[in-house]
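Here's what Swiss-Prot has on this protein:
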BINDING   LYS35, ARG38, LYS69, PRO70, LEU71, ASN72, THR73, LYS94  substrate binding site
ACT_SITE  HIS40  active site, proton acceptor
DISULFID  CYS54-CYS112  disulfide bond
DISULFID  CYS68-CYS123  disulfide bond
DISULFID  CYS86-CYS138  disulfide bond
DISULFID  CYS93-CYS100  disulfide bond
ACT_SITE  HIS147  active site, proton donor
Amino acid sequence: MGLEKSFILFSLLVLVLGCVQPSLVGESKESPSEKFKRRHMDEEGPYQSSPTYCNQMMKDRGMTSGRCKPLNTFVHESWAKVKAICSQDKVTCKNGKSNCHKSISTLNITDCLLMGSSKYPKCDYSTTARQKHSIIACDGNPYVPVHYDATV
């Protein structure tokens, strides 16, 4: 009887730990698609191109922590429109992989380029608003954007 109770209690403990542990670890983990959204999506977008837009956005989105990210592009379109690129023209990515897609239409974007004399921790960026085609890498199930590859 004592052995049965021990087995039942052990089984319950394993069950509880199995349920609790993944949620503790998983909550702070960012999926590739969530990382793409954080780094590249700004649906609201700048209504007017402000010279400080990139400095503020790069800082707010955590891309100047520990180093200055040299280049980043923000897309000012709906998530649905950006996700739809994953079913558009397939092209080869810069790294040679075949999971990139080129947008059929131009997108409203802002390119942030680290200025040459800028050094961490003071990351200064030039801000350039454009309408260009974008090349986006997609992955997963569902097939969603995971990497901004290029502007063309």
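Every residue gets a Cβ built from N, Cα and C, even glycine.
A map of Swiss-Prot features onto the structure.
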residue : record                       : DSSP class
LYS35   : substrate binding site       : helix
HIS40   : active site, proton acceptor : helix
CYS68   : disulfide bond               : coil
THR73   : substrate binding site       : strand
CYS86   : disulfide bond               : helix
CYS100  : disulfide bond               : strand
CYS112  : disulfide bond               : strand
HIS147  : active site, proton donor    : strand
Query raised in the report: Which ones, of the recorded positions HIS40, CYS112, CYS123, have a Cα no more than 10 Å from the Cα of PRO70 (substrate binding site)?
Result: CYS112, CYS123
Query raised in the report: By the DSSP assignment reduced to helix, strand and coil, which category contains CYS138 (disulfide bond)?
Result: strand
Report summary line: Whole-Å Cα distance, LYS35 (substrate binding site) to HIS147 (active site, proton donor), is 9
Requested in this report: Express in Å, rounded to the nearest integer, the largest CA to CA distance found among the substrate-binding residues LYS35, ARG38, LYS69, PRO70, LEU71, ASN72, THR73, LYS94 named in the record.
Outcome: 22
Report summary line: Close to ARG38 (substrate binding site), taking Cα pairs within 10 Å and only the disulfide-bonded residues CYS68, CYS86, CYS112, are none
Query raised in the report: Can you tell me how far the Cα of CYS112 (disulfide bond) sits from the Cα of ASN72 (substrate binding site), in Å?
Result: 5
**Report entry** Distance [Cα-Cα, Å, rounded] between ASN72 (substrate binding site) and CYS86 (disulfide bond)
**Finding:** 20
Requested in this report: Whole-number Å only: compute the distance from the Cα of LYS94 (substrate binding site) to the Cα of the residue listed as 'active site, proton acceptor'.
Outcome: 18
Report summary line: If you count the other CB atoms within 10 A of the CB of CYS54 (disulfide bond), including all protein chains displayed, you should get 26
Query raised in the report: Given the disulfide-bonded residues CYS68, CYS93, CYS138, which one is most crowded in terms of C-beta atoms within 10 angstroms?
Result: CYS138
Report task. Rank the recorded positions LEU71, CYS86, CYS100, CYS112, CYS123 by the number of other Cβ atoms within 10 Å of each Cβ, and give the residue at the low end. Result -> LEU71
